[in-house]
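Structure first, commentary second.
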Amino acid sequence: MASWPPLELQSSNQSQLFPQNATACDNAPEAWDLLHRVLPTFIISICSFGLLGNLFVLLVFLLPRRRLNVAEIYLANLAASDLVFVLGLPFWAENIWNQFNWPFGALLCRGINGVIKANLFISIFLVVAISQDRYCLLVHPMASRRRQRRRQARVTCVLIWVVGGLLSIPTFLLRSIQAVPDLNITACILLLPHEAWHFARIVELNILAFLLPLAAIVFFNYHILASLRGREEVSRTRCGGRKDSKTTALILTLVVAFLVCWAPYHFFAFLEFLFQVQAIRSCFWEDFIDLGLQLANFLAFTNSSLNPVIYVFVGRLFRTKVWELYKQCTPKSLAPISSSHRKEIFQLFWRN
């Protein structure tokens, strides 16, 4: 194929990745020239926003001198995962700018791609865990104990990070740099040792990392929404009902944003698998999949910088935590206005 997506670059051997007639399907040179010029700038912008935004989220969650609740434990881990992910984006921006000529050596080829692959699993598993926690809290509230949920959340997050790391081991082992004399580049590619690995990879990528988690997310959130509709009047009078509803609204927004950002990537990854096993063939499909994967990767990248924006504009309780942190870090002499006046200003400024 004409190019390779940053999240998963693969080849069984060089002849498959760069066939003799590879240029026969080069039907969109203008599109590729535009992509090589424009996409790196957007990726660096995403990296900058994601770095600052996720650092801000982690500071808001971790600086206050109190224990995190269950939702905050999951959201802090999601922010940490996004932060690690965006740290690898400048390398891929430079890679695309160089027309996929990897300049950073074999170690970073494996390390950066391994981290990106681990983040793919960690993020989706955290979204499942967050949805499952909301499901237990709202659909089965009598069986949900706060202390037990907090301990379970910590253990779950540790397991998710470990599993994500284990699932990225093939990427660490099979990634390598390879010279491509016809294109005069040295590419960072995933060297699959056997044709069967293509099938194993798509099972891992599309089923384990998307379809199964998607089924769980849809199940949990369907019952969450049904529970919220059925208990709307009760939740208004129940202690903490408004707080639970606000937190659930934030989490549902995060879930929708995650699926919108990542679904196109998995769709094009599946099309790429069909192309590799020759289920679909033609220059149209090759160019469509190549360009589509690049744009789908970009959309997936945006999710890591979008989450902090969602926290600020959807998460009212998060904004309250920001205000509390500001009061904690600001000397009283610098904030002489009355608390009621300050609260009024705060509510007017952040009103949705």
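Every residue, even glycine, has its Cβ placed from backbone N, Cα and C.
Taken from Swiss-Prot, the feature disulfide bond covers C109-C188. The N-linked glycosylation site annotation in Swiss-Prot covers N13, N21, N184 and rests on sequence analysis. Taken from Swiss-Prot, the feature S-palmitoyl cysteine applies to C329, supported by sequence analysis. Under the heading topological domain 'Extracellular', Swiss-Prot lists 1-41, 94-110, 175-206, 272-294, citing sequence analysis as support. The topological domain 'Cytoplasmic' annotation in Swiss-Prot covers 63-72, 132-153, 228-250, 316-352. According to Swiss-Prot, the transmembrane segment annotation covers 42-62, 73-93, 111-131, 154-174, 207-227, 251-271, 295-315.
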Specify the count of other C-beta atoms within 10 Å of the C-beta of N184 (N-linked glycosylation site).
9
Disulfide-bonded residues (C109, C188), the one with most neighbouring Cβ atoms at 10 Å:
C188
Helix-strand-coil residue split for the topological domain 'Extracellular' (94-110), DSSP-based:
10 helix, 0 strand, 7 coil
Can you check how the pLDDT averages out over the topological domain 'Extracellular' (94-110)?
91
How many whole Å apart are the CA atoms of N184 (N-linked glycosylation site) and C109 (disulfide bond)?
18
Quickly jot the same-chain residues contacting the transmembrane segment (111-131) by Cβ under 8 Å, restricted to those at least six beyond its ends, or write none.
6-9, 71, 74-75, 77-78, 81-82, 84-85, 87-88, 91-92, 104, 153, 156-157, 160-161, 163-165, 167-169, 171-172, 175, 188, 190, 208-210, 213, 216-217, 220-221, 224, 251, 254-255, 258, 262, 303-304
